[in-house]
Amino acid sequence: QCQLNGLWRNDQDSLMEISVLRDNGDFQGQYLTRVTISGGCAQISPLRGAQQQLGEEGWPTFAFTVRWDKFSNATTAFVGQCFVDAGGKEMLSTMWLLREAVGSLEEDWKATR
């Protein structure tokens, strides 16, 4: 079974730590990104999410948000699923959307990546 709690590293060398995983599937932690919109140095940002509870077997799905409030006016939402590969290594497969603040409704088209 795949467990979300712990330390995770992605292909861009960013780190995510899920430090609290509650019985109901809610979790929280922190995200240290190596990739920033502004090109500035990496900062730790809070994350909160929820995991679908599947019982003893299965590959849980999850979603979480990261608030980049210390260095950017943006929020990212991630959705994904946790797997264990043939070698026993836990892997997260995710997709994300980043929403950046813009100054007007006319600029809305460029706010989501």
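Start at 1 and count along the chain as shown; that gives each residue its number.
Backbone N, Cα and C atoms are what each Cβ position is placed from, and that goes for glycine too.
Disulfide connectivity taken from TrEMBL links C82 to one of C2, C41, namely C2. With the fewest other Cβ atoms inside 10 Å of its Cβ, the least crowded of the disulfide-bonded residues C2, C82 in this structure is C2.
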